[in-house]
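Each remark here refers to the structure printed beneath this line.
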């Protein structure tokens, strides 16, 4: 929901200027980027991955609902100077805390995968399962949003009077998140113990494995060893461009649809939720297919296939998705975006898991290095895109269509170029 509806909420509901809204997203990405390597190093040295995950979850739970609620004092529209200072400051504080928590959650959760098994095939399957779970959670977000927008459809546009809809969605999602976190921290421990007793392993997931001691003492390679490997940076580029394509799609598909509604208002505001819903259903389907086939076709071939899907979707938008294009075409493009992004993201993370190899005690540090750049690149890209947006929407009525064409298409092309370098490097 951070990428999908944050910009829409800031611009359409809070009526924040596009550049300021882009700056808010950039702030979040910068905080996430700076926190990621710090969390990676600390999580490998201190405590367990589950404790770190629980701490990050608490920070996210406390701040996420407030991000989609009109800030205290933001109803004072008769004092625009006060509002122009207070609103960005208020949300900047919330975004900072939220993104620190998010970095902790993501890195600690990713770092659990190498500690569970030394098998590269199982790691790839776990990565696919993890992505499928994230897609399912995102599907729930869009489904809930679609229900709320459809049930409270009093206008064809999203505006300041729709603030309560975003608040309701964020509260429902937060409640589901609390339940999921509780189940994870109760059941994950019991499930691991059962599996390990079944195969008679010699280590516990919360002691030897997660602290990098015991069975992994012979693999105490310094992180500097990985920093000297060209493959680490090549892998990072694969992840960066796959994430950039995915993030820009999430940010600008709703804005593109809102832009389209200004031309075809009869389509209804629920299209802002139903199209991303199709996108995530496609993503879930292809991640499920990838789970059982990625070990057969290989990570790099899978990444290439996903990049081709991504490019085709961008070309389709450029050539046929004009304001008069049918909704069916938009749904088909959304399906291609979901397919391309899921394949490239999963395959790039599988390459990272392969890179870690037996060095699971340094998994958090390596994942933080690989994911560091994408936070900054995404934030800078959004600010640049919003900075070039016309002040008057009538001057560039299809601006976000161009963004989905050239920015997302460029990300896919750069991903393919990075893949060629990675192939040579390996």
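Each position is counted from 1, following the chain as shown.
The backbone N, Cα and C atoms fix where each Cβ goes, glycine too.
TrEMBL annotations: computationally assigned, not manually curated.
Residues or ranges marked as transmembrane segment in TrEMBL: 20-39, 51-69, 89-111, 131-149, 169-188, 231-251, 271-290, 302-321, 327-352, 364-384, 404-424.
The transmembrane segment (89-111) makes no contact with the transmembrane segment (271-290): fewer than 3 of their CB pairs lie within 8 A, with pairs spaced 6 or more apart in sequence. Most Cβ pairs under 8 Å to the transmembrane segment (302-321), among the stretches 131-149, 169-188, 231-251, 364-384, 404-424, belong to 404-424. It is 231-251 that, among the stretches 20-39, 169-188, 231-251, 327-352, forms the most Cβ pairs under 8 Å with the transmembrane segment (404-424). Ranking 51-69, 131-149, 231-251 by CB pairs under 8 A with the transmembrane segment (169-188) puts 51-69 at the top.
When the stretches 20-39, 327-352, 364-384 are ranked by Cβ pairs under 8 Å to the transmembrane segment (131-149), first place goes to 327-352. With a cut-off of 8 Å between Cβ atoms, the residues of this chain six or more beyond the transmembrane segment (327-352) that come close are 110, 123-124, 127-128, 131, 135, 235, 238-239, 241-243, 245-246, 249, 253, 257, 267, 271, 275-276, 278-287, 290, 294, 299-300, 302-303, 305-313, 316-317, 320-321, 366-367, 370, 408, 412, 415, 422.
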